[in-house]
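Below are the features listed in Swiss-Prot for this protein:
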ACT_SITE  Glu122  active site, proton donor
DISULFID  Cys32-Cys325  disulfide bond
DISULFID  Cys191-Cys234  disulfide bond
DISULFID  Cys198-Cys212  disulfide bond
DISULFID  Cys350-Cys361  disulfide bond
DISULFID  Cys355-Cys389  disulfide bond
DISULFID  Cys391-Cys399  disulfide bond
DOMAIN    346-400  domain 'EGF-like'
CARBOHYD  Asn39  N-linked glycosylation site
CARBOHYD  Asn103  N-linked glycosylation site
CARBOHYD  Asn200  N-linked glycosylation site
SIGNAL    1-19  signal peptide
Amino acid sequence: MNPISIFSVVISVICAVQAEFKVYWEVPSFLCSKRFNINVTQVLTSHKILVNQGESFNGDKIVMFYENQLGKYPYIDSNKVEINGGILQVADLLKHLKVAKDNITNLVPNPNFNGVGVIDWESWLPTWDFNWDKMKVYRKKSIDLVKSKHPEWPSHRVENVAKEEWEKSAKEWMVKTLKLAQELRPNAVWCYYSFPDCYNYSRKDEPSPLACIRKVLVENDRISWLWKQSTAICPSIHIQESHITKYSMSQRVWWIDARLREAVRLSMYHRNIPIYPYINYILPGTNQIVPVMDFKRTLGQIASLGLEGAILWGSSYHLFSESQCKITFDYVKNVIAPTVATVVLNTNRCSQLICKGRGNCIWPAEPFSSWKYLLDPKMPVFKPMKIICKCKHYLGRYCEIPK
């Protein structure tokens with residue numbers, strides 16, 4: 001058999017193995033198909049990217065519930081109007097769960113749905129201290145509530161009780177909503193969007209300041225109930241325009257690495273549950289596409305940490321015109337599809353060759369550069385001494401020991 005034939009056989013065998021690295025397309029690209037006959041899905045599916053039937057935003061592969069789509073989510077809007085009670089302590093949780101049950105069964109009609117379910121609640125945070133900027137209103141309203149009941153208490157006691165009541169209520173709301181979703185659609189994995197956060201927005205010319213600070217680690221551990229109840233973790237590593245203009249490439253690598261490693265750390269609270277980071281192809285608040293090398297590197301970083309995949313999110317805002325749809329189509333064809341194909345191929349190759357197909361490869365001594373191995377389209381050589389395996393149902397450096 002000549003070398004070309006051997007290469008073809010190797011490729012076919014590897015591709016026959018079910019990909020351990022899954023990329024979900026969460027973009028309403030049906031708008032391009034219906035309005036302008038620009039079909040992005042054919043390119044995506046031919047490169048094993050998971051797309052909902054009919055190119056819908058919510059469907060058989062992935063669903064996302066925004067704040068107004070799931071139950072009676074309490075929040076305070078931009079005009080200071082209190083919606084559904086405004087703050088958690090006075091909102092009706094039972095009514096919320098009753099409505100949420102109908103929402104879930106309607107949006108996810110298949111009781112055997114086995115995709116990814118995402119809850120996107122962003123108006124407030126369960127950690128009291130992280131409700132800053134616009135979210136400070138929740139702390140103020142919580143303090144006012146305690147003050148109205150106990151006007152004689154000193155301010156420090158009022159704030160301590162307000163914090164305790166807020167965090168207790170947040171836990172109850174988030175856990176019971178997750179449990180409901182898991183009971184109704186038990187074959188799916190469920191997560192809250194953008195949890196955990198790392199709040200690593202400083203700009204320094206070394207890795208450590210871009211890592212999660214100790215305060216964040218401590219507070220993320222305090223909400224261990226969230227990681228224990230979740231069956232997936234879905235942090236956001238969206239590339240921002242400010243990252244491109246203010247950060248060097250090395251700093252962008254460090255920023256993403258810190259956020260991913262915090263997700264990995266917290267996943268251990270619940271038997272190493274799968275991690276699906278949210279990534280983007282359009283810079284938020286702009287019409288600019290993510291630079292090609294940044295997109296490639298981001299996907300490579302996710303895979304090089306042994307994670308299960310990624311969710312590629314996009315808004316209908318960028319699909320209203322024919323020119324916008326053409327930009328999306330070209331980026332999918334020339335950047336997203338070939339990058340995903342290469343990363344999936346190399347992830348599977350390394351898994352089969354080094355981890356016996358029982359886990360994914362990690363390069364612990366090369367935390368900021370190992371992504372390059374998985375972006376190499378020329379069948380890179382994987383050196384076992386540089387690799388440890390993130391194993392599924394096995395133990396040992398190379399997943400050689402059954403649990």
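Note: Cβ is positioned from N, Cα and C throughout, glycine not excepted.
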Do you know offhand how many angstrom separate Cys399 (disulfide bond) and Cys355 (disulfide bond) by C-alpha?
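Taking the Cα atoms only, Cys399 (disulfide bond) lies 6 Å from Cys355 (disulfide bond).
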Which of the recorded positions Asn103, Cys191, Cys325, Cys350 has its Cα nearest to the Cα of Cys212 (disulfide bond)?
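Nearest candidate: Cys191.
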Write down the Cα-Cα distance for Asn39 (N-linked glycosylation site) and Cys325 (disulfide bond), rounded and given in Å.
9
Restricting the comparison to the recorded positions Cys32, Glu122, Cys198, Cys350, which residue's C-alpha is spatially nearest the C-alpha of Cys191 (disulfide bond)?
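Going through Cys32, Glu122, Cys198, Cys350 one by one, the Cα closest to that of Cys191 (disulfide bond) is Glu122.
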Could you count the residues of the domain 'EGF-like' (346-400) that DSSP puts in helix, in strand and in coil?
17 helix, 10 strand, 28 coil
What subset of the disulfide-bonded residues Cys198, Cys234, Cys361 lies within 10 angstroms of Cys389 (disulfide bond) at the C-alpha level?
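Those near Cys389 (disulfide bond) - Cα within 10 Å - are Cys361, in sequence order.
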Sort the recorded positions Asn39, Glu122, Cys355 by C-alpha distance from Cys361 (disulfide bond) and give me just the closest.
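Of the recorded positions Asn39, Glu122, Cys355, Cys355 has its Cα closest to that of Cys361 (disulfide bond).
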Any idea what the Cα distance is from Asn200 (N-linked glycosylation site) over to Cys355 (disulfide bond), rounded to a whole Å?
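That comes out at 33 Å between the alpha carbons.
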Go through Cys212, Cys325, Cys361, the listed disulfide-bonded residues, and name the one with the sparsest Cβ surroundings, counting other Cβ atoms within 10 Å.
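Minimum Cβ neighbour count within 10 Å, taken over the disulfide-bonded residues Cys212, Cys325, Cys361, occurs at Cys212.
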Using C-alpha atoms only, work out the spacing between Cys350 (disulfide bond) and Cys391 (disulfide bond) and round it to an integer in Å.
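Here the two Cα atoms lie 13 Å apart.
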Would you mind checking how many other C-beta atoms are within 10 angstroms of the C-beta on Cys355 (disulfide bond)?
28
